[in-house]
Structures are given as structure tokens and as C-alpha cells.
Amino acid sequence: MGLPWYRVHTVVLNDPGRLIAVHLMHTALVSGWAGSMALYELAVFDPSDPVLDPMWRQGMFVIPFMTRLGVTQSWGGWSITGETVTNAGLWSYEGVAAVHIVLSGLLFLAAIWHWVYWDLELFRDERTGKPSLDLPKIFGIHLFLSGVLCFGFGAFHVTGLFGPGVWVSDPYGLTGRVQPVAPAWGAEGFDPFNPGGIASHHIAAGILGILAGLFHLSVRPPQRLYKGLRMGNVETVLSSSIAAVFFAAFVVAGTMWYGCAATPVELFGPTRYQWDQGYFQQEIDRRIRNSVAENVSLSEAWSKIPEKLAFYDYIGNNPAKGGLFRAGAMDNGDGIAVGWLGHAVFKDKEGNELFVRRMPTFFETFPVVLVDEEGIVRADVPFRRAESKYSIEQVGVSVEFYGGELNGVSFSDPATVKKYARRAQLGEIFEFDRATLKSDGVFRSSPRGWFTFGHACFALLFFFGHLWHGSRTLFRDVFAGIDPDLDSQVEFGLFQKLGDPTTRKQTV
């Protein structure tokens, strides 16, 4: 045919059999990729430390999505929560991957069958004998079936009626596990962090989809609307489908980046706003205050802080710290976290407590500044020692650790104090193994960042695709250079040029 690369999809225009074939092949590729990627991730995933080396630190992308839907066990004998497993059953990580690969193979065979047997009676209009599709009817069928699926997911899978439930956690990502969820039908169902809204919204949207599907199956579109929206043209279907996909992509980019019940921090890592707002720092501070109010020593109070909570309060886990073109998992950046050194408390020689000002998200370097409880600068690591007034040496700053591996240890020599002050800029202080993976010390983003970036980019791309194909189908006559009021029939396809005066015409 000599088609240019950007027009190859015209081969499935007016060819319903092969249109089905290419969609089957596309689904086969998607399913095959998902299964293969899952097996690859399982091959490189280390489940030994779910606290300091969780899936999101290791750059896992499909494992978090399987986990949030209720898959937590492996045929390898491990569970995502750290327990050993004897019988994982079919719906393990490997089982789900295998099912996707088998499905991919079946879809591949179906695609070949439909490509070979493309000219079926089913696709021919009884009146004209030409290939045609009843697009409004097909729309109704698809709407009905997707409504059934949506309702089934919300009413059975999420609620645990027939299924495992979904991943549910506390606001600080400490107690996450898979459990059934009761639908939330009140105003609380609109809270993006309430998992009950996932169940109720799927049930409601499913019912709406079923009713809308039945409506479109039983009611024909008015002629004016049918013609106005070009409902007989398959490019209209392409245009509206792209619109649905780009809208969904924009929505999930937002829910992933800003966080919601469907994107828990245990599976995808913290959001950047939790660092910006000191979210975990405030919770740690609240717990310490409560412990001290109960006459518990500072050392004991900090020892009660879960290592998991302290690790969230570290800038290296902020997805906005990794550059978009720094490939690799977080562990390839600052290394594999080995242990929490403890909370560093800085004091001047008078015994006043000083607080290291934390690095904002979009800074790579930041001055080391220590302030008192009123926010007044009391000490720093100066850029020019000759002009310094508040240097660690001049102010006589010391550091003592509470909780963690250095619990009860204090340092007063300036070099060590400066070292820990620099590290305290980045939140809680952890020890990292950079040798195992040859980590380069440059922060990476988490799967939360990659997912958001990918979906935002594709949504923008698909938005323009929607405008393009929508314009093509609505203004087809204009682009073809044909006046819709023309009283002569034009033989399409005989000439390549638009508006060619030599095109064969036949007066009606």
C-alpha cells in the first residue's frame, strides 16, 4: 500500500475483524508485559527487611499494585509483611504473573485467528452486504460489561464478600495489611484517604454503568445527534476512548503524587508533601511529648519510636528528591538502609537545645543552620570561617543520641558534631550500605514519582491525540476538501490531492 508510518492504522478502517485482531494483540502485549515484569521483579526483590528495605526502596513497580489488591504471599515461602508462608496457593505473586502470561498466550492465538478469519458474516450489514459495525450498540455492550466488572470489584473483592479485600493502613503507614473494607456511604466516603470510599464508589459507579449500558442498548440515538457526533465513524470511538484514557491518567497522576487510600505509603513510599509539611516529624514529636508526660525518660521515649516511622522522616525517601533522569531504585542512590542511629539532640555550652534547619525539597545543598525553639539562629557551619560568629566551635555545640544504635552516646568534638548536623538536615539519621549495590550517593525517586511522571506525560500526549482524532472525525468533510452541500458524488480515493479539480464526479 505504501503507507507512511503514521498512517498504518488505516488498514483496520472498515475492517471489523482485523480491528478486533489488533486489539486482542495489544491486550496480549499488555498482559504479557505485566506477567513478565512481575517475574523479573520477583527475581530481584529482597523481602528480608520490610521496614528498612521495602518494595518502594527497591524500585518495584508492579509488586505494589498486586499487593494493594490483596496478593501478599510468594511461592518462595515469604510474605510481604515478613512472615514465612507454607502454602501460598494460586493467587500468589508468581501465580498472578503466570496467569497473565497464560492469558497473553491465549490472546495472542485469538488475535491470529481473527486476523486470518477477518471476513465474518457477523460484521456485514444485512441490508447492504458491506462491512459495518453498530457502534452505539457496541458502546452499550461495553458500558454494561464494564459496569458489571466495576460493581463486582466494589461489592465482592473490596468488601471481602468474595475476595481478599484491599491494602488498608493507618495514616502513618505502620500497620498496613490486606483486609475487607466496608463501603462508606456518607460524606466520609468522599475523603480520598478513606478506603471505604473505594468500595462505595465502585458499587455506585458500577450500578450507573449497568443502567447506562442498558439505556444505550435499548434506546437509539436521535438522527441529528448521530450525525452531529459522527457516531457512524470508528474514529469517533477512537477519539472518545482516548479522552477517557487521558482523563483517567490525569486523575491517577494526581492521586499518586498527592497520596490517597489507593496509594499507601507502605507500598509506594511517602509523598513529597509529607516531607514539606513535617508530617512524620510531627507525629514523632507528639509521641515523644506523650511519653515524657508519662514520666518516661527521653532515651526510653525515643526507643519506643518505630524504626519504620523514623525512616519515613528522612529526605532520601521523598520522591521529589530524585531527578527524573536518574535511573534506578532508591537503593541505588543513598544505599540500602541498615539501621537507625537514633535521634540527634544538639545543645550549646549553656545547655540550650538547638534544632537543625531541615533541607527543603528542591535544594541539593543547604546551609547548616541551628536555631533555638523560637527560631533564632544560634549556630551554623560558616562558609567563611574568618567572618564567623556562630560556628560550632565558637558556640560549643555538642550532640547526644536518643534511641537507635547510638542511644545514650554523645559527642562534643566539632568535626563529629558538624558531621551529624549535616546529616540531621536530611531528617532522621540512618546508616546505609552503599557497597552492595555500588550506590552513588545521589538520591533517586520512588515508584510514586515514576508513575506520576509517566502518567502525566502520557495524559498530555493523549489529550492532543483526542483533539487530533476528534477534529478529524468532526471536520472530515472540511479536511477532505468536500463541500457537504455538494450535489455531485465524488469518487473517493482515486486521487491523492485535496481539492484536485480533475477528480471524477458524477452528478446526482
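Here the Cβ of each residue, glycine as well, is placed from N, Cα and C on the backbone.
According to Swiss-Prot, the feature transmembrane segment maps to 21-36 (among others).
Away from its own ends, the transmembrane segment (101-115) comes close to residues 17-18, 20-22, 24-25, 27-29, 31-32, 35-36, 39 of its chain (Cβ-Cβ under 8 Å, at least six residues beyond either end). The transmembrane segment annotation in Swiss-Prot covers 101-115 (among others).
Taken from Swiss-Prot, the feature transmembrane segment applies to 140-156 (among others), supported by sequence analysis.
Residues annotated as transmembrane segment in Swiss-Prot, with sequence analysis given as evidence: 203-218 (among others).
Tertiary proximity for the transmembrane segment (237-252) is limited to same-chain residues at least six positions away from its ends with a CB under 8 Å from its CB atoms, namely 135, 139, 451, 455-456, 458-463, 465-466, 469-470, 472-473. Positions annotated as transmembrane segment by Swiss-Prot, on the basis of sequence analysis: 237-252 (among others).
According to Swiss-Prot, the transmembrane segment annotation covers 457-472 (among others). Among residues of the same chain six or more beyond the transmembrane segment (457-472), those with a C-beta under 8 A of the stretch's C-beta atoms are 235, 238-240, 242-243, 245-247, 249-250, 253, 479.
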Residue list, the transmembrane segment (21-36) vs rest of chain: Cβ under 8 Å, 6 or more residues beyond ends.
12, 62, 96-101, 103-105, 107-108, 110-115, 118
